[in-house]
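Report on one structure; see the data block that follows.
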Amino acid sequence: MRKIIHVDMDCFFAAVEMRDNPALRDIPIAIGGSRERRGVISTANYPARQFGVRSAMPTAMALKLCPHLTLLPGRFVAYKEASRHVRDIFSRYTSLIEPLSLDEAWLDVTDSPHCYGSATLIAREIRQTIFNELQLTASAGVAPVKFLAKIASDLNKPNGQYVITPADVPGFLKTLPLAKIPGVGKVSAAKLENMGLRTCGDIQQCDLAMLLKRFGKFGRVLWERSQGIDERDVNSERLRKSVGVERTLAEDIHEWSDCEAIIEHLYPELERRLAIVKPDLLIARQGVKLKFNDFQQTTQEHVWPQLNKEDLIITARKTWNERRGERGVRLVGLHVTLLDPQLERQLVLGL
């Protein structure tokens, strides 16, 4: 049985700001774009969260909920440096590390000799070391598989950890809401609930063939996760090939002005996600996705060397005019395809 740890830094960007400026510790702060630029919140500290401020929330809404919110533009150089230090701490315990972003990662410590081979003790020691060396807190989840470790890391935040042993898995899954499974969003959760499926225990009673018919490949993932099956390895060579952000709309839109407003809202989040993956990575292409109310979708992209909002809007307008017809639009997405590192090195080195 494998021993997987998921480590998640607590409100990471905000925590770095509070560490470097103690005057910010007890007041509501958030990292994000300005209200005037239709920005969104990237991270909020716990005092701000008490007012309802959350990640991915429009800045204008956050300021309505918390008028005295201190808004910071973000210092990605500082965040990357802290993230590198955390990664160095991980590497003292295992070489099997799979980063998901600057502030979270999976670790496979199955064969680690540290702490008598106890994943629970390793997680505790890693968290203490992070605090000792960086004055930042982290939460952790320990489980036999990746998705359960990720869920567990969120159950005792902040500055805590939660352990799911192999013996705990059946009981834990029986009452686990399907919405907690990574990849099950609000739309999918609502669709499942309309079918009377709310927990993994409900899925365990379902026929796999029915799930495949209703949900395709996603149906198999649901069934496997509900059984505690997740055979994915912790991949230390994982390479992000693209970065995207999209929104499924509560109501279909039929006017271009509505689509443009959504792009304006999504763009800062795309900037943030790209910066987290690797700010200096070259872009191969950028593009847009529209999904229509008949569930058909179209993607339009072209070669572009750097992220550019105006170009994305022009591309989306062209796609809207040429491919929508009379259909309503139920999803709008933006994405970039990252340049292969091998090719990037060749371009940088030249001849």
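Using N, Cα and C of the backbone, Cβ positions are placed for all residues, glycine too.
Under the DSSP three-state reduction, Glu104 (active site) is assigned to strand. Glu104 (active site) is surrounded by 19 other CB atoms, counting those within 10 A of its CB over all protein chains shown. If you look up Swiss-Prot, you'll see Glu104 marked as active site.
Annotation for Asp103 (Mg(2+) binding site): same-chain Cβ neighbours under 8 Å, separated by at least 6 residues, are Asp8, Met9, Phe12, Phe13, Ser83. The Mg(2+) binding site annotation in Swiss-Prot covers Asp8, Asp103 and is backed by sequence analysis.
Under the heading domain 'UmuC', Swiss-Prot lists 4-185, citing sequence analysis as support.
As annotated by Swiss-Prot, site 'Substrate discrimination' applies to Phe13.
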